[in-house]
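J.: Below is a structure I'd like to ask you about.
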Amino acid sequence: TPHRSVLTVACEQTEVLLFDPISSKHIKTLSEAHEDCVNNIRFLDNRLFATCSDDTTIALWDLRKLNTKVCTLHGHTSWVKNIEYDTNTRLLVTSGFDGNVIIWDTNRCTEDGCPHKKFFHTRFLMRMRLTPDCSKMLISTSSGYLLILHDLDLNKSLEVGSYPILRARRTTTSSDITSSGSSGPRAVGSPCHQNDSSLLSEKHMSRSSQREGGSPRNSLEVLTPEVPGERDRGNCITSLQLHPKGWATLLRCSSNTDDQEWTCVYEFQEGAPVRPVSPRCSLRLTHCIEEANVGRGYIKELCFSPDGRMISSPHGFGIRLLGFDAHCSELVDCLPKEASPLKEIRSLYSHNDVVLTTKFSPTHCQIASGCLSGRVSLYQPKF
């Protein structure tokens, strides 16, 4: 919960577990929270939370009355993997392996569910996140693409061709930026619709919907993030997180051959294209580190600390605490000219199986981790 009074755990079967993170005591088990694996949990406030499942549904729960669901939401046609929440509009945003991003109006919930609409669709969708200010939506795919919807408007459904496409390019390092002027960036087709993105860009960017000095609402950028060692073999973006201040995005990538894993940090490069049809590259690789290639095929969910100074990353049978430098400085205070290694601050090992997820407490110096065999560990690291 935002005030840290309850730790909730999504389980591979049908259960949701609740713990008191201060005493480490087990509070309650929701033994049949769903009819299949529970994948993600998101608190909407200090009492209301949502769960999503491979049974294709989302459930809303109230901590004050856990014997029954508030309601069940039906709309996805495949496994639901991700839940986001816009606190300004009180809109719930979910994504699943059906490729759909669906918006749910929690202002008008009843026992029968919530009004909803399909907001966006893309093939090979893995994860979806909103930036802290909800101005952007990021979507990662198993084919190695990262999609960014800029100047986000969740009230507008996006159908094929209804949004401007900014020409896609690979994310750059500093040396790439200085040398790309002569030959130009490499353009790639959108994985959503397999269209020529440059033609679509010229067609849609000229519309009156473009606002002065910036891109139009919901303009789409398609990127293939640079990953060390993966220039030729391609990669799958399995985990996607956002810096708590919206400065950067954190990716966990695995090679298509599944023999390498990387954690990468990309700084947001703000600002609109110089010309409406000029290529845009919003992200720059700043830090990266190779991970232990353990538990192949399983997704490892990593996270930022609440202040954004550290990263907690599943690493084999434990977790590593990583910093941008050895002093856990702010990202903006130690931006390198070229991509630099993340610094290992501390390693914590207490599991006897592969760690799949880790999370910082929002208010205290505490970290939780969960492994494949079902063990949950709580740490209070001392430095």
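Yeah, the Cβs are placed from backbone N, Cα and C, and that goes for glycine too.
Got these off TrEMBL a minute ago, pasting:
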- 171-183: compositional bias 'Low complexity' (COMPBIAS)
- 207-218: compositional bias 'Polar residues' (COMPBIAS)
- 171-227: region 'Disordered' (REGION)
- 31-64: repeat 'WD' (REPEAT)
- 73-105: repeat 'WD' (REPEAT)
J.: Work out, from DSSP, the number of helix, strand and coil residues along the repeat 'WD' (31-64).
T.: 0 helix, 18 strand, 16 coil
J.: Do you know the mean pLDDT across the repeat 'WD' (31-64)?
T.: 95
